[in-house]
Amino acid sequence: MLTAEEKAAVTAFWGKVKVDEVGGEALGRLLVVYPWTQRFFESFGDLSSADAVMNNPKVKAHGKKVLDSFSNGMKHLDDLKGTFAALSELHCDKLHVDPENFKLLGNVLVVVLARHFGKEFTPVLQADFQKVVVGVANALAHRYH
């Protein structure tokens, strides 16, 4: 999946990410850009507009929770399937989340990182990071196969 050099680059970069800010924005953007994903978050209250979604405290809190789990995965890049096994089971068996949504969230996360870090998020770093989000999405979808 990743070379030692790529792992070092994404791990060093991830240390700069403010998971509370980036997580809330990434989940919020997912819900705005792909509105059908909102059905999994009906208990979050007002999701009636982009502004409502992006300022919703439950969206922000859950986005942080999602990125906290992602951060754990960043510590276990060689065992993403094992790291995300319980979450894969939860999302498959209990929540019935379409596994395509994991890919969508990963892509939205890359957009948010580019927005937050600008030129520091180079094309090479983006390519390395894209491998990570694909790996995480595949690990989360593992239970579905």
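Just so it is clear, glycine is given a Cβ too, placed from its N, Cα and C backbone atoms.
Record features (Swiss-Prot):
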- H62, H91: heme b binding site (BINDING)
- 1-145: domain 'Globin' (DOMAIN)
- S43: phosphoserine (MOD_RES)
- K58: N6-acetyllysine (MOD_RES)
- K81: N6-acetyllysine (MOD_RES)
- C92: S-nitrosocysteine (MOD_RES)
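Checking each of the modified residues S43, K81, C92 against K58 (N6-acetyllysine) by C-alpha distance, the shortest gap belongs to S43. For K81 (N6-acetyllysine) paired with S43 (phosphoserine), the C-alpha to C-alpha distance reads 29 Å. Across the range of the domain 'Globin' (1-145), the DSSP-based residue counts are 116 helix, 0 strand, 29 coil. Within the model, the domain 'Globin' (1-145) carries an average pLDDT of 91. Sequence-distant neighbours of H62 (heme b binding site) (same chain, 6+ residues apart, CB-CB distance under 8 A): L27, F41, F44. Within 10 Å of the C-beta of K81 (N6-acetyllysine) there are 16 other C-beta atoms, taking all protein chains into account.
Other Cβ atoms within 10 Å of the Cβ of K58 (N6-acetyllysine) number 15 in total over all chains. Cβ neighbour count for the residue listed as 'S-nitrosocysteine' (all protein chains, 10 Å cutoff from its Cβ): 17. For S43 (phosphoserine), applying a Cβ distance below 8 Å and a minimum sequence separation of six or more within one chain yields K58.
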